[in-house]
Structure formats: structure tokens, C-alpha cells
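According to Swiss-Prot:
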- 31-205: domain 'EngB-type G' (DOMAIN)
- 39-46, 66-70, 84-87, 151-154, 184-186: GTP binding site (BINDING)
- Ser46, Thr68: Mg(2+) binding site (BINDING)
Amino acid sequence: MTESHIDFRRAKFLISAPDIAHLDQYLPGDVGVEIAFAGRSNAGKSSALNALTEQKNLARTSKTPGRTQLINVFELDAQRRLVDLPGYGFAQVPLAMKLKWQQSLGEYLQKRACLSGVVVLMDIRHPLKDLDMQMIEWAVASEIPVLALLTKSDKLAQSAKMKTVNEVRKALVEFGDWVQVEPFSALKGTGKPKVLSILNEWCHPQWLADELENQEDAE
């Protein structure tokens, strides 16, 4: 199948769900392609989603870390979705809620067959915290490719930025081709073309081509 270019500006809100069980109820089965966005509560996840889709208010941003507690799903087209997972690791969130989030995130990564890739967003000034590593390990263990996106790269000088990028790449080298590392700035647009290229590739997995071919054969 020739890869078509996906217009991420067409993303529109589809549903919110409190956990993976409810997600299964709302979505039309575990089919098509989903790309998940995960990160600590202060990683700039909502800002990144808004920048990549060129929509100021697609994902709600908040000055209060930990506000996004739901799984929010955005539709690109009939077969493709972006999934904004709850922010994790915020210190002032009650422990019981933290554990519930972590369980929900783990279940989603391990059980969702249509998951084509995971973007793990990290503030470039504070990368690779324990929960970030856990998310990456969960995804790779499930054979899901990961983009480790180092956000807020405009906060560092070029030399410091590239030093951190290289350090993170070295720290994740054990995962081989399963993990890519890129700097990103929602404010400046740094890294946006590269990120969109990776997401576009993830939007065209072989299983989707097989699904569409089977649908055509059935008709």
C-alpha cells in the first residue's frame, strides 16, 4: 500500500473515557490505528498535541499539572485516532489515583491491539524519570514503537539541547530501533516535521493495509 500523507490538522475530538474498559465500550472495536501520547503531568503533552495538529484548543492545556485524568481520543479519519493518555507522576495527586492511572496506562499499552506507536513526552530538562522508563519498557515489551519526545527544547541553548538528546539516545540504546529520540518545541515548532513524519509512518502499519484489503474482498 502506498503511504498517503495524513493531515493531522483534521484531528477532531471523538470521546473521553475514564479507563481502558470504558474505551473499549465507546470505540468501534479494537480496529484501525491508534497512536498514544503519554507523559508526566508537566511534560507539555497538551501543548504538543495542539502544535502538531495546528489547533489551539484540541487538547485542553492547564497550568495545574494532573488535570487531564481521562483518556481523550481524537479522530484523524475513519481508521486512525490519536489518544491522549492521562498525565502521570504529579506529586499532589492522591496515591490511590496515581495507582489507578498507572494500571489504566499499563492495560492500554498491553491490551490494545490497534496501538501502532507511543509518543512518550518528557521535559528536556528532566528526562527519563522512573515512570517514563516504565512506559517505554511496557511499550517495547508489547512490540510497540516509541518516540521519546523531548519537549520544551526552546528552554535550552543549542549545545545543551543536543547534549541532552545524545545522552537520552545513549540511555535508550538497549531498545534498538524500537525507540527514537527527538527534541521538540511546541512554542517554536522545532522538530515538528520530523515528528509528523514518524506519526505518518505509524499511521500506515501493514495490519491496516490487510484490514482494508479484507474489507474490499468482503464487499
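For all residues, glycine too, the Cβ spot is worked out from N, Cα and C.
Structure with Swiss-Prot features highlighted.
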| residue | record | DSSP class |
| --- | --- | --- |
| Gly39 | GTP binding site | strand |
| Lys45 | GTP binding site | helix |
| Leu70 | GTP binding site | coil |
| Pro86 | GTP binding site | coil |
| Lys152 | GTP binding site | coil |
| Phe184 | GTP binding site | coil |
Between the C-alpha atoms of Ser46 (Mg(2+) binding site) and Lys152 (GTP binding site), the distance in angstrom, to the nearest integer, is 12
Of these binding-site residues, Asn42, Ser46, which scores lowest on Cβ atoms within 10 Å?
-> Asn42
Here the mean pLDDT of the domain 'EngB-type G' (31-205) is 90
If you count the other CB atoms within 10 A of the CB of Leu70 (GTP binding site), including all protein chains displayed, you should get 17
What is the Cβ neighbour count of Lys45 (GTP binding site) at a 10 Å cut-off, with all protein chains included?
-> 27
Can you count the other CB atoms that lie within 10 A of the CB of Gly39 (GTP binding site)?
-> 27
Ordered by sequence, the long-range same-chain Cβ contacts of Phe184 (GTP binding site) under 8 Å (at least 6 apart) are Ala48, Leu121, Leu149, Leu150, Thr151, Ser153, Thr190, Gly191, Lys192, Val195
